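A short write-up of the structure that comes next.
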Amino acid sequence: MFRHHPTRGRRTAGLLAAALATLSAGLTAVAPAHPARADTATLGELAEAKGRYFGSATDNPELPDTQYTQILGSEFSQITVGNTMKWQYTEPSRGRFDYTAAEEIVDLAESNGQSVRGHTLVWHNQLPSWVDDVPAGELLGVMRDHITHEVDHFKGRLIHWDVVNEAFEEDGSRRQSVFQQKIGDSYIAEAFKAARAADPDVKLYYNDYNIEGIGPKSDAVYEMVKSFKAQGIPIDGVGMQAHLIAGQVPASLQENIRRFADLGVDVALTELDIRMTLPRTAAKDAQQATDYGAVVEACLVVSRCVGITVWDYTDKYSWVPSVFPGQGAALPWDEDFAKKPAYHAIAAALNGGSPAPGGNCTATYRVTSQWQGGFTAEITVGNDHTAPITGWTVTWTLSSGQSISHMWNGNLTVNGQDVTVRDVGYNGTLGGNGSTTFGFQGEGVADTPADVTCTPGRPSGTSA
């Protein structure tokens, strides 16, 4: 994974031209983006039907783009202020506050009936230089004053605040920011206390990257949240940024969301994008669509996962290419505002796993090894349509004397000799012409059954 860049980034003209040229050269290999497809509901509406929100970050330089703001205002139920609530914008010199740019975005969201997430009060990046010069004995008071002033200014207008952002290193140790060095471990708790005193109603979040899966960094955040809850420190939620790489969605994402929720806090996926190595191809689009669907499903399974925000919605304004040369195409809309397969995978996942119209799946059974009394087999599940499917069920009949002793990447049910295997959530969404595999170890004589079938979607009332 990677370190989150201090700004959301913007391509230079040269990078943009190069990326467009690369995409143009490889365009025939890219799955159709379906720009004219009429979807029955927006992502925001589909999420609201599930008791969630689906939002986008935005930034002030993008707002004059009328095509951009039309989609921003109609497709999403939530907006995150991407840059202009950060310290360098809101208190550029000590004691002088300026909320003009942030208010422009909040006003726009309110005019569209969208909720707003504040981002972010305390962060080691995008600090004005004067903060570094504050004496150690004064910094806690300065931090409290900054939080109090900004939270009070937007009181009643926001649903969430990212109070502290990215305070941990990859190994789980505390990042040695100016706040950590001059105030110490207590600064995070003190920041939450100050924010709660300024607004008793807004939900207060800790936000970080590379905490989507279980590991040293997420373990450290987990222990901090657990400690805060035990001490009565006012923390309401954890934001998992989810800057991901296609094909590398953490297998423990759903489990990790659930363990934080079990502490009694909400979880939000706050900065979702899934980048790929350019140029785009149909296969890369399919993998990305699968990954977006899997992330959405992981959130939907856990009731306290309250919503998802993409880190802007169009590749035109993605931060990725300016930070990771040769990578990009990370968002559900392309640079021309056409919906990519990822968009339809998100919609399908939010829509309860119903297969896209005309969607179908195939199952190809292959014996991979055999020995006296046993064998292993692999089944490839494929989507033979350009629209994504969410959920699949494969069935077949075991031959006489066969049984299954172990399975991976599938939920197994056996009734007599009848086998039913369903997806396990993370491998349930298949982009257009995408595929996944599961396998098992069997006992008995290996053969290839003639009645292998695949059905897209999930039966009513079931979940991965």
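Heads up, the Cβ atoms here are built off N, Cα and C, so glycines get one too.
The signal peptide annotation in Swiss-Prot covers 1-33.
The domain 'GH10' annotation in Swiss-Prot covers 40-349 and is backed by sequence analysis. Here the domain 'GH10' (40-349) has a mean pLDDT of 97 out of 100.
According to Swiss-Prot, the active site, proton donor annotation covers E166. All chains included, 23 other C-beta atoms sit within 10 angstroms of the C-beta of E166 (active site, proton donor).
In three-state terms derived from DSSP, E271 (active site, nucleophile) belongs to an extended strand segment. If you look up Swiss-Prot, you'll see E271 marked as active site, nucleophile, on the strength of similarity to another entry.
Feature annotation from Swiss-Prot assigns domain 'CBM2' to 354-457; the stated evidence is sequence analysis.
The Cβ neighbour count for E271 (active site, nucleophile), using a 10 Å radius and every protein chain shown, is 25.
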